[in-house]
Amino acid sequence: MATSEAPLLKRTAATLSDDMAVNYKLLHSPKFRALVVENVLSVTAFAFMARQTESLAGPEMETLNNCGVNGCGFTSFYQFKGVVGVYAAFWVYTVLLIGLYLFSRGPPPGTEFVVHALFTLCMIAFVSLSVISCTSTVIESDYSVCKNAAYAKASLVFAALVVVLNCATCAFVFKQWRSLQFVGMPENFRPFGRHRHKHGHHAGDADDAIPTHP
């Protein structure tokens, strides 16, 4: 009984070991390295903005007075709070994604592209609004909201770098998804999907069948 169980235990342990093995080859992938850089830049972006608890001028003179002599913090501006929220959420996402990739459990290209694209759109929106707010002048023509807010200005620089890297990552993931014939996307939404259907494409054709899962 014991002798028959020993090989089974060894096979089970070997299977678990293979499943939990770290994919070290992935460390040399440009896509993985870009993801790590995005992770570092995103945590830097929201950390700097979150540290801006004073020195911001209000969009109106009354706001400046209400914040006192030390000025406003980032919480007085929904744009800056949006930067903190979006980039903090993206940092958590990149941490999870890095962990999945290390153990060869990455999401399908379609899922990764959609999530990255949505994050990028939110980033572009809040960064653009923050830059507009940051450069707005109050009281005097040469006194901007972020004139004395070094952390906020640094945060927006790092945030913009993340947007650039995200756009490059989206392009790379989209190419991967396209090479898999947009697997997971409904037929009617695929490029040329309706055209192929009109010309006699059948789901039962083995040569033309598109898998629904990677």
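Just so you know, glycine gets a Cβ as well, placed from its N, Cα and C.
What Swiss-Prot records for 194-214 is region 'Disordered'.
According to Swiss-Prot, the topological domain 'Cytoplasmic' annotation covers 1-82 (among others). Taken together, the residues in the topological domain 'Cytoplasmic' (1-82) have a mean pLDDT of 74 on the 0 to 100 scale.
Secondary structure of the topological domain 'Extracellular' (104-112) per DSSP, as helix, strand and coil residue counts: 4 helix, 0 strand, 5 coil. Residues annotated as topological domain 'Extracellular' in Swiss-Prot, with sequence analysis given as evidence: 104-112 (among others).
Annotation source Swiss-Prot lists topological domain 'Cytoplasmic' at 134-153 (among others).
Per Swiss-Prot, the feature topological domain 'Extracellular' maps to 175-214 (among others); the stated evidence is sequence analysis.
Residues of the same chain lying 6 or more positions beyond the ends of the transmembrane segment (83-103) and with a Cβ under 8 Å from any Cβ of it are 19-23, 26, 32, 35-36, 38-39, 42-43, 45-46, 49-50, 74, 112, 115, 119, 122-123, 126-127, 130, 155-156, 159, 162. Annotated transmembrane segment per Swiss-Prot: 83-103 (among others), in sequence order.
Long-range neighbours of the transmembrane segment (113-133) within the same chain, counting only residues 6 or more positions beyond its ends whose Cβ lies under 8 Å from a Cβ of the stretch, are 59, 77, 79-80, 82-83, 86-87, 89-90, 93, 107, 145, 152, 156, 159-160, 162-163, 166-167, 169-170, 173-174, 177. Among the features that Swiss-Prot reports, transmembrane segment is placed at 113-133 (among others), with the record citing sequence analysis.
According to Swiss-Prot, the transmembrane segment annotation covers 154-174 (among others).
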